[in-house]
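Note sheet for the following structure.
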């Protein structure tokens with residue numbers, strides 16, 4: 001949420017050919033081509049105004065709807081008060097209907113800052129009667145920021161999350177702090193005969209602490225513990241979240257041969273400013289939660305996404321399969337978010353991702369536990385009638401590359417690349433021994449994304465600086481060239497693997513089947529979208545492409 005200083009999973013559903021925006025009570029659908037500068041098609045954007053953190057994510061089991069709320073200033077394309085929760089709904093986590101402002105702060109000089117949504121099935125709060133289906137008893141837990149105070153408030157909905165009533169005895173949690181925000185609440189079942197209760201993770205931001213509270217009714221909260229000065233601190237903690245995540249196999253710190261449980265707890269903490277790439281970043285800790293205290297399995301700092309534009313991750317409450325963990329993040333960075341060259345909206349969300357814990361071989365001699373990410377999209381609809389292009393078993397030469405020309409480019413596509421480095425004794429003498437893919441604009445090929453792998457550096461790179469948009473040249477925080485470790489997917493065959501989604505002005509890269517991820521925005525001129533892909537290397541026969549498949553999305 002806005003900082004304040006006191007100083008690949010296919011889902012059945014509707015076609016994603018139109019993002020249906022509804023705002024200010026107007027039910028007229030607005031297509032993604034109505035707006036300027038290449039609005040994304042499969043990443044949610046507000047119809048107009050400013051957006052940042054995702055809030056209040058939940059699944060309505062009665063209507064089979066996914067609900068997304070978000071930090072929203074409808075009056076401008078920069079952050080400002082009054083700040084609301086915007087609201088969008090989807091059947092398939094791909095095509096969204098935007099309902100505009102849903103929950104507000106109550107005064108023009110205040111903000112309804114970030115928070116979460118729970119379903120109060122058993123009416124522990126006393127807000128509901130039998131007229132409200134238990135599956136739709138939505139309660140928002142959020143931060144009211146007004147003047148020097150930040151405190152936790154609750155509001156409830158009697159119509160399935162479209163409108164809200166504020167609790168008359170707010171605030172429910174106030175510690176007399178100006179930096180106390182972003183509550184994430186979940187239900188924790190009791191153990192050993194104890195009753196279940198609500199658990200809140202909330203940031204006391206500028207003392208670098210996540211506080212854990214418990215409550216029987218969402219109104220009265222008791223401090224249980226804190227998680228303080230862990231990981232990468234930056235300038236402050238924000239947007240904490242605690243969730244139990246399933247895994248295939250996890251390396252535990254005891255090296256015990258005993259059988260392991262089928263899940264572990266993951267604590268998310270976002271920091272801004274002060275991320276290792278500059279500005280915003282989200283980290284996570286793997287561990288155990290006993291109902292009062294979170295204990296990490298080790299002292300590592302793990303980052304959820306290695307790109308520049310992935311912040312304030314929040315997970316959904318009440319997924320259809322309770323073991324599944326889905327989440328979404330804000331796809332921007334506070335270093336330049338308010339200057340990004342889009343209009344009449346500013347900012348997009350990431351794709352929804354499904355998270356699991358997996359063993360990950362960072363080198364041939366060791367393995368570690370990481371949070372694996374898989375994009376969640378309605379692939380059946382997106383790939384229907386979409387055009388696919390393929391290259392197989394191609395050894396790249398320095399004289400002749402490969403070129404793919406996209407028919408009727410939409411700007412939204414997926415690609416999957418598997419390649420090997422063939423090796424050479426004198427390759428270290430080459431200044432930059434790269435395999436490069438140039439994703440070029442269809443109307444002006446002087447605007448392009450360049451991405452690929454360089455063997456001497458042992459990393460994948462992205463260059464997003466080749467554009468005529470002044471913002472990209474003038475804002476020095478909009479880092480042009482970025483690198484991320486691209487792990488070998490198979491140390492025996494030396495195969496590298498990367499899956500990518502490009503959507504108008506955002507690219508998400510999933511390395512080693514999602515064990516490493518990088519999300520970054522980029523900006524081309526209006527109506528100049530990816531229309532051609534060139535594959536090149538300056539070093540003869542250093543790389544072989546086992547397969548490269550590109551599919552344009554049906555949007």
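Glycine is treated like the rest: Cβ placed from N, Cα and C.
These figures come from a predicted structure and were not determined experimentally.
For residue 53 (active site), the number of other Cβ atoms no farther than 10 Å from its own Cβ, over all displayed protein chains, is 26. Per Swiss-Prot, the feature active site maps to 53; the stated evidence is sequence analysis.
Counting every protein chain shown, the Cβ of residue 71 (substrate binding site) has 25 other Cβ atoms within 10 Å. Annotation source Swiss-Prot lists substrate binding site at 50, 51, 52, 53, 71, 113, 114, 181, 182, 238, 334, citing similarity to another entry.
The N-linked glycosylation site annotation in Swiss-Prot covers 32 (among others).
The N-linked glycosylation site annotation in Swiss-Prot covers 122 (among others), and the record cites sequence analysis as its basis. Cβ neighbours within 10 Å of residue 122 (N-linked glycosylation site), excluding its own Cβ and spanning all shown chains: 11.
What Swiss-Prot records for 123 (among others) is N-linked glycosylation site, and it gives sequence analysis as the kind of evidence. Listed in sequence order, 134, 137 are the same-chain residues six or more apart from residue 123 (N-linked glycosylation site) with CB atoms under 8 A from its CB. In the three-state DSSP scheme, residue 123 (N-linked glycosylation site) is classed as coil.
Marked as N-linked glycosylation site by Swiss-Prot on the basis of sequence analysis: 129 (among others). Counting only same-chain residues six or more apart in sequence, none has a Cβ lying under 8 angstroms from the Cβ of residue 129 (N-linked glycosylation site).
In three-state terms derived from DSSP, residue 176 (N-linked glycosylation site) belongs to an extended strand segment. Around the Cβ of residue 176 (N-linked glycosylation site), the same chain contributes 149, each under 8 angstroms and 6 or more positions distant in sequence. Swiss-Prot lists 176 (among others) with the feature N-linked glycosylation site, giving sequence analysis as the kind of evidence.
Neighbour list (residue 220 (N-linked glycosylation site), Cβ cut-off 8 Å, at least 6 residues apart, same chain): 172. Residues annotated as N-linked glycosylation site in Swiss-Prot, with sequence analysis given as evidence: 220 (among others).
According to DSSP, residue 226 (N-linked glycosylation site) sits within a strand segment. Residue 226 (N-linked glycosylation site): 15 other CB atoms within 10 A of its CB, across all protein chains. The N-linked glycosylation site feature in Swiss-Prot is assigned to 226 (among others); the stated evidence is sequence analysis.
What Swiss-Prot lists as N-linked glycosylation site is 255 (among others).
Residues or ranges marked as N-linked glycosylation site in Swiss-Prot (evidence: sequence analysis): 385 (among others). Residue 385 (N-linked glycosylation site) carries neither a helix nor a strand DSSP state and counts as coil.
Positions annotated as N-linked glycosylation site by Swiss-Prot: 393 (among others). Counting every protein chain shown, 8 other Cβ atoms lie within 10 Å of the Cβ of residue 393 (N-linked glycosylation site). In the three-state DSSP assignment, the secondary structure recorded for residue 393 (N-linked glycosylation site) is strand.
The feature N-linked glycosylation site is assigned by Swiss-Prot to 490 (among others). DSSP gives residue 490 (N-linked glycosylation site) a strand state. Long-range Cβ proximity for residue 490 (N-linked glycosylation site), meaning a same-chain Cβ under 8 A and a gap of 6 or more residues, is found for none.
Taking the Cβ of residue 549 (N-linked glycosylation site) as centre and 10 Å as the limit, one finds 15 other Cβ atoms among all the protein chains shown. According to Swiss-Prot, the feature N-linked glycosylation site maps to 549 (among others).
Marked as signal peptide by Swiss-Prot: 1-16.
Recorded residues residue 71 (substrate binding site) and residue 53 (active site) have their alpha carbons 5 Å apart, per Cα-Cα distance. Its Cβ placed at the centre, residue 50 (substrate binding site) has 24 other Cβ atoms within 10 Å. In the shown protein chains, 25 other C-beta atoms lie within 10 A of the C-beta of residue 52 (substrate binding site). Taking the C-alpha positions, the distance from residue 122 (N-linked glycosylation site) to residue 114 (substrate binding site) comes to 25 Å. Cβ packing within 10 Å was compared across the recorded positions 114, 385, and the lowest neighbour count falls to 385.
The maximal spread of the substrate binding site, taken as the longest Cα to Cα distance among 50, 51, 52, 53, 71, 113, 114, 181, 182, 238, 334, is 20 Å.
In terms of C-alpha distance, the listed binding-site residues 52, 114, 334 place 114 closest to residue 226 (N-linked glycosylation site). Each residue contributes its Cα atom, and for residue 549 (N-linked glycosylation site) and residue 393 (N-linked glycosylation site) these two points are 12 Å apart.
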